[in-house]
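Below is one structure, written out as structure tokens; comments come after it.
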Amino acid sequence: MKALAAVRPRSICSLPPQSLPKSQNLRSQRFRVSSSLIKEPQSEIQAKQEKKGGVMDEVFLNLFRKKMVEEVGWDSGKPGYDGLIEVANRLMLKSPTNSHTKEAAVRILRSLFPPMLLQLYKLLIAPIQGGKVAAIMVARVTAITCEWLMGPCTVNSVDLPDGTSWNSGVFVEKCKYLEQSKCVGICVNTCKLPTQAFMKDYMGVPLVMEPNFSDYSCQFKFGILPPLPEDDATLKEPCLDICPNATRRREFTRNINVQQCPKA
């Protein structure tokens with residue numbers, strides 16, 4: 001028996017990979033190659049999604065800046081987001097009053113939408129379930145399409161005055177627009193007030209925006225009316241510490257109360 005065992009050839013399975021018959025070796029290599037390709041489409045899909053997001057962000061930025069430039073009649077020489085902030089600053093400087101700035105910003109927002117779309121939304125969608133459907137829809141669209149302007153944001157639940165709650169809020173972790181503009185006035189007059197007015201007047205959706213000037217976060221509450229101007233604490237905010245003009249203004253007006261941002 002030992003002699004038979006000695007002359008019996010080893011099974012194919014016991015052979016090392018390099019000793020496998022050519023056909024089996026090829027199948028083994030083909031399997032390894034196919035297995036490695038399984039993971040590649042996932043990474044390619046993620047890369048394409050990131051690229052698509054970057055492309056869409058660029059499209060939104062260029063469109064918004066184009067409409068703002070048309071309103072202001074001037075464009076910055078700086079590219080991208082830095083140029084957008086300079087145009088926003090020029091909008092503030094060009095307008096004789098804060099009301100004019102707000103009205104100009106509302107016109108910019110209106111120009112971003114087909115007129116019929118706004119009219120139909122206000123007429124057909126806004127009244128459904130007491131405004132709940134429209135508020136929730138707008139919150140989701142805002143969170144999806146506005147990260148290029150504000151930074152990371154998420155949909156959250158907000159409490160209504162009647163004690164109910166809707167998933168019609170958007171929480172902005174750290175507003176890029178406020179951080180880059182470094183100005184309470186630009187936040188209030190080119191973003192907060194005109195956006196609230198635009199949503200209510202042209203889409204039929206009440207909105208209150210609550211920027212936090214300490215950590216630059218912001219809470220959107222769709223479906224809730226904003227407070228009256230005299231009751232809105234945002235309009236009484238002092239200049240930001242990072243405001244480039246605040247220090248110089250304090251030096252020239254040491255004996256004058258300049259706590260409130262003059263642009264707000």
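The backbone N, Cα and C atoms fix where each Cβ goes, glycine too.
Lifted from TrEMBL, the feature list:
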{"type": "DOMAIN", "residues": "148-229", "note": "domain 'Beta-carotene isomerase D27-like C-terminal'"}
For this session: Would you report the average pLDDT that the model assigns to the domain 'Beta-carotene isomerase D27-like C-terminal' (148-229)?
Result: 97
For this session: Mind tallying the domain 'Beta-carotene isomerase D27-like C-terminal' (148-229) by DSSP state, helix then strand then coil?
Result: 30 helix, 25 strand, 27 coil
